[in-house]
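> Mind looking over this structure? Questions follow.
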Amino acid sequence: MNNMIFLKAFIVGGLLCVIAQLLMDLTSHKVTPAHVLVGFVTGGVILSALGLYQPLVNWAGAGATVPLSGFGHLLAQGAIGGVKEKGVLGAFSGGVAATAAGITAAVVFGYLAALAFRPKG
Amino acid sequence: MAEVKDSQPLEIQKKEYQKMVQEIQPKPTLGRNVFWAFVVGGLISVLGQLFLNFFQARGLALPEAGAATSTVLVFLAALLTGLGVYDEIAKFAGAGSIVPITGFANSMVAPAMEYRGEGLVLGVGARLFTVAGPVLVFGIVTAWIVAILYYFFR
């Protein structure tokens, strides 16, 4: 079924968030959103390097790419792809190149939103 | 007003009061947090999948469709953060609104908006990276190490 991908995306995307919620609620350390995001991007890079993240992307689509671990996966695959193409220099260029659209969108829209709106209260 | 209890030492009154408050205050239970994190995180992913399918149907290859999806999600999150809607969702969604790329965009806009009074450079410009900075540092450094290891040991 073609629509199964939506169910799979829901389950995997939801479960990744549940992992983060449990980390925040059950650990004695103060786990802030910054720690969660850093942990997920780093975890995504490492799982991707071990070849474990691509199967998840194949199975769950956006359920694996929308969470920030998917950003880490893109970084890792971009950097590895860079090495394949250009050698050592590619390790410096490939990761950011693969994630350039997301980074630029976040900076541009983030900047514009911060200018256009006032915080509530 | 002058009930018998009022004659108790202030310490005991305080303790009883705190106990009462604890009993009455609604506790955001672990179960509820996990439930909403799952639902909201899942729904944002489904929204991403809808955009992904849409862009692929428009003829984009998967990597380009993925980049377009991230761009749209980041735009929506920046807009909803500006309007104050995203933070309302975050109140009950917890990690469900933090982990998706929309949470990354939210973590950029919210402090930048908050500290705009400190100027465009040190207020907006610097605060955009309060959380995004560490994310990029750890993500890029780890990916670089992975790539270098791949270069030597492939």
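Each Cβ is built from the backbone N, Cα and C atoms, and glycine gets one as well.
Keep in mind that what you see is a predicted model, and the values were worked out from it rather than measured.
According to TrEMBL, the transmembrane segment annotation covers B:34-55, B:67-86, B:92-112, B:124-153.
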> Could you tell me what the rest of the chain brings near the transmembrane segment (B:67-86), counting residues at least six beyond its ends with Cβ under 8 Å?
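Residues packing against the transmembrane segment (B:67-86) from afar: 44, 47-48, 51-52, 55, 60, 97, 100-106, 108-110, 113.
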> Using a Cβ-Cβ cut-off of under 8 Å, list the residues of the same chain that are 6+ residues beyond the ends of the transmembrane segment (B:92-112) and lie near it.
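Residues packing against the transmembrane segment (B:92-112) from afar: 33, 36-42, 44-45, 48, 70, 73-74, 76-78, 80-82, 86, 123-125, 127-132, 135.
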